[in-house]
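Undergrad: Okay, these came from Swiss-Prot:
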DOMAIN    3-67  domain 'J'
REGION    99-118  region 'Disordered'
COMPBIAS  103-115  compositional bias 'Low complexity'
ZN_FING   132-214  zinc finger
BINDING   C145, C148, C202, C205  Zn(2+) 1 binding site
REPEAT    145-152  repeat 'CXXCXGXG motif'
REPEAT    162-169  repeat 'CXXCXGXG motif'
BINDING   C162, C165, C188, C191  Zn(2+) 2 binding site
REPEAT    188-195  repeat 'CXXCXGXG motif'
REPEAT    202-209  repeat 'CXXCXGXG motif'
Amino acid sequence: MADFYQILGVSRDADANTLKSAYRKLARQYHPDVNKDPGAEDKFKEIGKAYEALADPETRARYDQFGEAGIGGAAGMPDMGDMGGFGDLFETFFNGFGGQSSQGGRSQRRGPQQGDDLRYDLNIDFKDAIFGQQREINIPHLETCEVCRGTGAKKGTGPTTCTTCGGSGQVRRATRTPFGNFTQVAECPTCNGVGQIISDPCTSCGGNGVKQVRKKLRINIPAGVDSGTKLRVSGEGNVGLKGGPPGDLYVFIKVKNDSNLKREGINIYSEISVSYLQAILGDTVDIITVDGKVNLKIPSGTQPNSTLSLENKGVPRLGNPVARGNHQVLVKVKLPTRITEDERNLLEDLASKYTEQNSSSNSGLFSRLFGKDS
């Protein structure tokens with residue numbers, strides 16, 4: 001791999017002026033319009049790549065430390081903004097005097113162009129995200145002007161050929177440089193590269209050929225979507241130009257929170273409080289789920305902060321609604337702050353019997369249940 005300093009013929013401590021002087025000298029020597037040798041164009045590109053890497057202080061520092069790998073192979077032709085407009089001139093040479101840019105060519109601007117994609121943010125309820133729904137939305141987008149049918153010209157008229165460029169969309173001018181006289185190709189300033197001008201614009205769209213209108217769409221929200229889910233509605237973006245295809249509409253989902261339920265992925269979480277008697281003896285309680293109220297069995301001896309699961313009561317998996325997650329219920333046990341005399345007598349009697357049956361244990365009934373010694 002060639003060293004950039006060697007390519008330019010300078011030392012590694014060369015300053016910016018030395019680099020520029022060396023580059024100009026070599027660029028003139030190897031420019032393919034001046035030097036007809038078979039390898040001149042490749043050499044000219046190599047010189048440009050080396051100068052671009054070393055002309056920028058940050059890029060040069062990375063190159064000095066890591067070599068060409070440190071600049072990611074991103075070096076190409078240098079920014080010629082401070083060299084009297086040579087950049088546009090060299091761009092013309094490398095594209096065969098066709099007036100095409102490195103982004104694909106001005107000729108493409110005159111052909112069909114795809115319309116822009118659009119974004120629409122949609123807030124939906126918690127349950128609607130679980131089970132899906134159809135929603136009607138109203139979006140603003142660009143459509144072809146019905147009056148001029150997209151021409152931009154007043155009805156009964158049409159675009160005319162640009163007299164400045166003769167319909168080519170490009171203008172040429174002679175430029176004197178240290179390399180000699182060259183012809184520079186640029187976008188026509190009169191028609192902006194289109195090749196046609198509209199003398200009598202359409203009053204409905206102002207000569208643009210498109211108008212912003214609001215359109216009602218009915219979209220299908222699949223079961224299992226979540227905040228951040230992006231839905232693509234094909235062909236509902238802005239209209240394309242000159243017969244190009246329309247863009248797409250992207251609907252970004254934002255799911256509202258629920259006061260009782262929380263969601264993590266395909267599972268749903270909630271809490272329930274039961275009395276200490278329900279925890280000890282067991283019970284059946286009603287639980288609010290996305291499917292409505294369902295019965296949840298509290299097994300006898302349920303410990304505080306344990307989790308019980310309702311299978312297949314969670315969120316359908318996006319793209320496979322038959323497969324659902326679970327609803328996880330965190331059980332909180334409520335301890336009474338006050339008890340009646342009768343309740344105390346019953347509990348003490350129970351504690352006494354429990355202690356007799358478990359005399360070898362160092363802890364009593366209340367210790368096991370509530371963390372207190374009996």
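Just so you know, glycine gets a Cβ as well, placed from its N, Cα and C.
It should be emphasised that the depicted structure is a prediction, and the values quoted were computed from it without experimental measurement.
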Undergrad: Between the repeat 'CXXCXGXG motif' (145-152) and the repeat 'CXXCXGXG motif' (202-209), are there three or more CB pairs that fall under 8 A, provided the residues in each pair are separated by 6 or more in sequence?
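TA: Stretch pair touches.
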Undergrad: Which of the three DSSP-derived classes (helix, strand, coil) applies to C205 (Zn(2+) 1 binding site)?
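TA: Its secondary structure by DSSP: coil.
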Undergrad: Between the Cα atoms of C188 (Zn(2+) 2 binding site) and C205 (Zn(2+) 1 binding site), what distance do you get, rounded to the nearest Å?
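TA: Between the Cα atoms of C188 (Zn(2+) 2 binding site) and C205 (Zn(2+) 1 binding site), the distance comes to 24 Å.
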Undergrad: Which three-state DSSP class does C145 (Zn(2+) 1 binding site) fall into?
TA: coil
Undergrad: Would you mind reading off the Cα separation of C148 (Zn(2+) 1 binding site) from C191 (Zn(2+) 2 binding site), to the nearest angstrom?
TA: 19
Undergrad: Mean pLDDT, the repeat 'CXXCXGXG motif' (145-152)?
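TA: Across the repeat 'CXXCXGXG motif' (145-152), the average pLDDT comes out at 90.
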Undergrad: Excluding C145, C148, C202, C205, which residues of the same chain place their Cβ within 8 Å of the centroid of the Cβ atoms of the recorded Zn(2+) 1 site?
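TA: Everything else in range on the chain: E146, V147, R149, G150, T151, G152, A153, P201, T203, S204, G206, G207, N208, G209, V210, K211.
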Undergrad: Taking 8 Å from the centroid of the Cβ atoms of C162, C165, C188, C191 as the cut-off, which other residues in that chain fall inside it around the Zn(2+) 2 site?
TA: T163, T164, G166, G167, S168, G169, Q170, V171, P189, T190, N192, G193, V194, G195, Q196, I197
Undergrad: I'm trying to understand the geometry here, so how far is the Cα atom of C165 (Zn(2+) 2 binding site) from the Cα atom of C145 (Zn(2+) 1 binding site), in Å to the nearest whole number?
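TA: Here the two Cα atoms are 27 Å apart.
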Undergrad: Taking the Cβ of C162 (Zn(2+) 2 binding site) as the reference point, list residues of the same chain whose Cβ is under 8 angstroms away and which are at least six residues distant in sequence.
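TA: Set apart from C162 (Zn(2+) 2 binding site) by at least 6 residues yet with Cβ under 8 Å, we have G169, C188, T190, C191, V194, G195, Q196, I197.
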Undergrad: Pick from C145, C148, C165, C188, C202: which of these binding-site residues has the biggest number of other Cβ atoms within 10 Å of its Cβ?
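TA: Its Cβ has the most other Cβ atoms within 10 Å: C148.
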Undergrad: Determine the minimum-neighbour residue: among C191, C205, listed as binding-site residues, which Cβ has the fewest other Cβ atoms within 10 angstroms?
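TA: Ranked by other Cβ atoms within 10 Å, the binding-site residues C191, C205 bottom out at C205.
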